[in-house]
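Now, the feature entries from TrEMBL:
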- 21-40: transmembrane segment (TRANSMEM)
- 94-121: transmembrane segment (TRANSMEM)
- 133-156: transmembrane segment (TRANSMEM)
- 162-179: transmembrane segment (TRANSMEM)
- 232-250: transmembrane segment (TRANSMEM)
- 262-278: transmembrane segment (TRANSMEM)
Amino acid sequence: MAQVMRKLGSVLYTAYLFNQYDIISTIGPVIVVGCVLAGVPDAKSFFHGVVWQELHLIAFEIQNQITGIEEDKLSKPTRPLVSGRLTVQTAQRIYLALIVLSLWNSAGHGVLVPSILHLISMVAYNEFGLSRYWALKSFIGSMGYVCYCWGMTVIFDHGRPLSRTSIIAVVLSGLIFTTTGHAQDFRDREGDAAIGRRTLAIILPQTFARWSLMALIFGWSAGLIYLWGPPAVVSALFLGLAAYTTVNFVRDYSEEADRVSYWWYNIWLIVAHMLPLFKRLTESRVQIDLSL
């Protein structure tokens, strides 16, 4: 029994190492999207939603780390492949098994379409190497992000299709990631350069790349406030968070500082995904008034 528990613990820890950097950047925001658009789920739906996301996300990370071993040697040496915890051959077998499991699991939850779209974008990003091109990297990454939000919301909502508000919110999530997702690349410039990946953080002059990111984040912040209509206090706090996040990017260009700045970017992103809640609350009040 003790040996079984140790093996289980080792498997779970390896899974954690594969997506430890995704907790704040992907897992957290997607769970927030699901809760905001579908309501806080019951424990069973929450479990199914998280398992569904992990089947897809770990599959992506395994292949991404297989193709990015040289980069990880420089910037993420604790990951399972570069640390020797798993061989590439074993990781490849797990990757293929996870693809089959994710498709089977998705069919059972009625979210096969986002699962197939995720598979296509994952193969394009990793196997076909499109992540090496700055014009495609964030766009293809956003396709995966949209699929996570789509599937999680449907599962949290017990299989109901996305509402009009949910569709708008999920599409906007993809557009936000497409236009600002290169915030993650400033912290990995050395590793990206090592494998020949050309990101906006590398090819653009640093000053322009960072100040344009600031403009995009402020532009999105203002647009989301206008669209979702949060209270004035929430709007002010959201704009303040955008300011703090972007000032960090333009103040210090070191990769160490960029890691901190990227953390704050993800906090901004999580709050951005909370804003549709105010639209849903408004719609609920209107429906109550009409029923009266």
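Glycine too: its Cβ is placed from the backbone N, Cα and C atoms.
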Ask   = Of the listed stretches (21-40, 232-250, 262-278), which one yields the highest count of Cβ-Cβ distances below 8 Å with the transmembrane segment (133-156)?
value = 21-40
Ask   = For the transmembrane segment (232-250) against the transmembrane segment (94-121), do we get 3 or more Cβ-Cβ pairs below 8 Å once near-sequence pairs (under 6 apart) are dropped?
value = no
Request  = Mind checking which residues of the chain, 6+ beyond the ends of the transmembrane segment (94-121), have their Cβ under 8 Å from one of its Cβ atoms?
outcome  = 48, 51-52, 55-56, 58-60, 62-63, 66, 86, 140-141, 143-144, 146-148, 150-151, 154-155, 159
